[in-house]
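*Asks:* Swiss-Prot feature annotations, pasted as is:
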- P2: active site, schiff-base intermediate with DNA (ACT_SITE)
- E3: active site, proton donor (ACT_SITE)
- K58: active site, proton donor (ACT_SITE)
- R262: active site, proton donor (ACT_SITE)
- H91, R110: DNA binding site (BINDING)
- 238-272: zinc finger (ZN_FING)
Amino acid sequence: MPELPEVETVRRGLKALVLGQEIVAVTLKVPKMVKTDLETFALTLPGQIIQSVGRRGKYLLIDLGQLVLVSHLRMEGKYLLFPDEVPDNKHFHVFFELKNGSTLVYQDVRKFGTFDLIAKSQLSAFFAKRKLGPEPKKETFKLKTFEAVLLSSKKTIKPHLLDQTLVAGLGNIYVDEVLWAAKVHPETASSRLNKAEIKRLHDETIRILALGIEKGGSTVRTYRNTLGADGTMQDYLQVYGQTGKPCPRCGQAIVKLKVGGRGTHICPKCQKKRP
């Protein structure tokens, strides 16, 4: 958490709140969050104007013209905008003071979030180095490529979907939902999937992540959008967090198990494990 739908919702909120604003000062309380040169980060950001707010997978891209501030929220990161005085909070770690008098604050209970300030010309190389897969859209997420990679891999399907190389943006919540919708057991070896299963995984990834965006993300644990509001996708989750409840498709009780060290929710009847 947050996954692609939540990050996209944050992106839209940031765009509505800070587009066109000039950064006049930056205060950084947790230096380890910045993965590029600290001095450059502190000295370069003041005077920059936020020209657009984009997203690639789970990364937010704050476009400053020739530079891009790449923000990864990791487990608990979120942005808040205060029009005047900023309240004390030990979890507020980065403060972007804006020319209109407001302050954009990055909050992160776990302190896992990261910032990279890079030249826009280096953005493609930045993501290539991380082997980030395509966006989950029909135009970019090609079935034939997805199929070829899966059938040549010995990885288990759930960890494979989570590693961001097949497709960008899936996390634990949405992988469980995709696997249930596609009727695939999470411990199935990628290479043992048949073509019909692969097509279902492909199509359901696109559909479910789009639904997550439409519903403003899933509010489980601490997620809120930039405007402080909850998402509603949690009301549409079929298996994640539904342990003991009847499967919406067949009525069998949803069970929780561990796959690749991650809590995983499945229907044991709809998602049969291969012998």
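Glycine too: its Cβ is placed from the backbone N, Cα and C atoms.
Predicted, not measured: the structure shown is a model, and the values here were computed from it.
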*Asks:* Roughly how many Å lie between the Cα atoms of R262 (active site, proton donor) and P2 (active site, schiff-base intermediate with DNA), rounded to a whole value?
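*Replies:* That comes out at 15 Å between the alpha carbons.
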*Asks:* Given the active-site residues P2, E3, K58, state which is nearest to H91 (DNA binding site) when distance is taken between Cα atoms.
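*Replies:* Closest candidate to H91 (DNA binding site), judged by Cα separation, is P2.
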*Asks:* If you draw a 10 Å sphere around the Cβ of K58 (active site, proton donor), how many other Cβ atoms fall inside it, taking every protein chain shown into account?
*Replies:* 22
*Asks:* Far apart in sequence but close in space: which same-chain residues, 6 or more away, have a Cβ under 8 Å from R110 (DNA binding site)?
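*Replies:* Within the chain, R110 (DNA binding site) has Cβ neighbours under 8 Å at R74, M75, E76.
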*Asks:* What's the number of neighbouring CB atoms sitting within 10 A of the CB on H91 (DNA binding site)?
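*Replies:* Taking all protein chains shown, H91 (DNA binding site) has 14 Cβ neighbours within 10 Å.
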*Asks:* Using DSSP reduced to three states, classify R262 (active site, proton donor) as helix, strand or coil.
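*Replies:* Note: R262 (active site, proton donor) is in a strand by DSSP.
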*Asks:* Out of E3, R262, give me whichever of these active-site residues has the highest number of other Cβ atoms within 10 Å.
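*Replies:* The largest 10 Å Cβ neighbour count belongs to E3.
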*Asks:* Averaged over the zinc finger (238-272), what pLDDT does the predicted model reach?
*Replies:* 97
*Asks:* Kindly report the helix/strand/coil residue split of the zinc finger (238-272) according to DSSP, in that order.
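*Replies:* Counting residues by DSSP class gives 0 helix, 12 strand, 23 coil.
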*Asks:* For E3 (active site, proton donor) and K58 (active site, proton donor), what Cα-Cα distance in Å is obtained after rounding to a whole number?
*Replies:* 6
*Asks:* How far is it from K58 (active site, proton donor) to the residue listed as 'active site, schiff-base intermediate with DNA', counting Cα to Cα, in Å?
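*Replies:* Between the alpha carbons of K58 (active site, proton donor) and the residue listed as 'active site, schiff-base intermediate with DNA' there are 8 Å.
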*Asks:* When DSSP states are folded down to helix, strand and coil, where does the residue listed as 'active site, schiff-base intermediate with DNA' land?
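*Replies:* It is coil.
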